[in-house]
Amino acid sequence: MKRDCSSGSQKRSAFGAGRIVLASLASHGFPSGYQDSRVKRFLSKNGLVILGFTFILSLIALLAVGLTQNKNTPENFKFGIVFDAGSSHTTMYIYKWSAEKVNDTGLVYEIEACKVKGPGISAFASNVQDIPVYLSKCMGRAKELIPKYKHHQTPVYLGATAGMRLLRMENEQSAKRILASVTSFLNSYPFNFRDARIISGSEEGAYGWITINYLLGKLQKKQNSEDPSSRKNESQETYGALDLGGASTQITFVPKDTNISSPIKFMQFRLYGWNYTVYTYSFLCYGQDQALLLKLAKDTVETPSGTLLDPCFHPGYERMVDISDLFNNVCTREYKDLFPFDKLRIQGTGDFLQCQERLHNLFPTTYCRYTSCTFNGVFMPPVHGEFGAFSAYYYTMKFLNLTSDKVTSEDMVIEKMKQYCSRPWKEVNTTYADVKEKYLSEYCFSGTYVLTLLQVYNFTDYWKHIHFMHKINDNAEAGWTLGYMLNLTNMIPAELPQPKPFSRPTYISLMVAFSLVLAIVFILGSIIFHKSSYFQK
Ligand SMILES: Nc1nc2c(ncn2[C@@H]2O[C@H](COP(=O)(O)OP(=O)(O)O)[C@@H](O)[C@H]2O)c(=O)[nH]1
Ligand SMILES: [Ca+2]
């Protein structure tokens, strides 16, 4: 396209250049002379309108694209199923999360906790054929709650804890048969079955620690890189985890001094860009059910009579126990002896202090080869920070009305236990007629057990740092299952995900503002252009 360079200065403004284009369009595309001035007038008046019109149109198109592209598509959800196969029970948990947030700090929600009717899976050693019926009700529930088109991508895990650890020690083949039956049954569903296995005590402790800190928001904290010293303080913010089951109990926490020489390898985690050095220990046979058997076995050996006056049960309470059940157990086998009776009659006397004395015998603390120990000579650094206590810790202390943070000292717990244990069984049984007898008859024992266990962990002057918890933030239960799933589905990134430059609302308002600025600049430009060509004539 030839440029008209017969007149005018060398230096031209942008508008001047624009004018050149228009003029040359006139001089080439149209008849010269008379038409020349009319065409100019037509162009300068209508050309402007056409340009402005197309510009506004493209602006609307831009906004329309921006908005539709960012309009809220229905969130895409994902699901996960985890079975907690405990020594006394099995519970199926269903978790749900938004797929967009999978790697971010977005939360995973517990949408179902289906209690399987019956005992723990280790009780099916001689009737594995009954496992499908045992698990089918909760699996049916999962099929109902999870949309059909999501079934194939929903992972299913079963983790078995101390009950199956004890069975495996006793009869490995039985444990394998049970897991094989569970695997083939769960595999028959349209979900994405991943694994059914016995998790270790360390895993159980570590995943419980991850669960409560994830739900308490202690892991997804914002990185405060300006003040590296704050990193140290912040990382101490995590809660320790205290889990009391029926056959084992776990304690997990970040010690104050992680350089302490330790015979037990600390666990190292890198979560959301932070390093954690975590102590965890699982005491097999020190879950509350096994601890009761341990106590009864020791008592029977010490006073080999068919009747046991037991201060850990209410006055007037009676229970018959088969000697074979009492000693046919991995945890009590060491006390096995021959007795001139095959049944033990327990008669409650309801004396907390005597009960506490009996229970302290379960925790030898006389020898320790390390800088610091808990019982049985097990190394444990001094407890540090706040602690969440869940599962049987919670069930017991909740019933005894001792979970409030107003219960700030051990003495308050002792006073309550003295009074509660001394209540006659008849009165207790009538007052709490709706409570399962198995649980109700043992609250004096389990309350005293919780107190004694926390004493041997050296919580005596530290009671106010223990927080008994069940559901956290009204979302998910405290326990190992959520942490287990988060880990296996890689939902806790090692590094803190980079924050998006803009949130969606900021992004859209920036788009609109930018387009408006463009429009104003264009309109102003055209007015100036229009004025200058006007003055030219
Ligand atoms: N009081 C009470 N105890 C419960 C309840 N549910 C479970 N438990 C007890 O809590 C403990 C749970 O242990 P479990 O997880 O099965 O055993 P683990 O394999 O050693 O972790 C057992 O002693 C159960 O009897 C409840 O609703 N109330
Ligand atoms: Ca458990």
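Cβ from N, Cα, C; glycine included.
Just so you know, TrEMBL annotations never went through curation; they're auto-generated.
Positions annotated as transmembrane segment by TrEMBL: 48-67 (among others). If one looks beyond the transmembrane segment (48-67) by at least 6 residues along the same chain, the residues whose Cβ comes under 8 Å of a Cβ in the stretch are 508, 511-512, 515, 518-519, 522-523, 526, 529-530.
When Cβ atoms from all protein chains are considered, those within 10 Å of Glu204 (active site, proton acceptor) total 30, not counting its own. Reduced to three states, the DSSP call for Glu204 (active site, proton acceptor) is helix. Annotation comment: TrEMBL describes Glu204 as active site, proton acceptor.
Residues within less than 8 Å, Cβ to Cβ, of Gly246 (ATP binding site) and separated from it by at least 6 positions along the same chain comprise Gly86, Ser87, Ser88, Gly120, Ala162, Gly163, Gly287, Gln288, Asp289, Gln290, Ala392. According to TrEMBL, the ATP binding site annotation covers Gly246, Ala247, Ser248, Thr249, Gln250.
Annotated transmembrane segment per TrEMBL: 507-529 (among others), in sequence order.
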Rounded inter-Cα distance in Å - Thr249 (ATP binding site), Glu204 (active site, proton acceptor): 9
Candidates Ala247, Ser248, Gln250 (binding-site residues) - the one closest to Glu204 (active site, proton acceptor) by CA: Gln250
Near-site residues: ATP, ref Gly246, Ala247, Ser248, Thr249, Gln250, CB cutoff 8 A to centroid: Ser87, Thr161, Ala162, Gly201, Asp243, Leu244, Gly245, Ser282, Phe283, Leu284, Tyr286, Gly287, Gln288, Gln290
Packing count at Ala247 (ATP binding site) (other Cβ atoms within 10 Å of its Cβ): 28
Sequence-distant neighbours of Ser248 (ATP binding site) in its chain (C-beta under 8 A, six or more apart): Ser87, Thr161, Ala162, Arg165, Gly201, Glu204, Ser282, Phe283, Leu284, Cys285, Tyr286, Gly287, Gln290
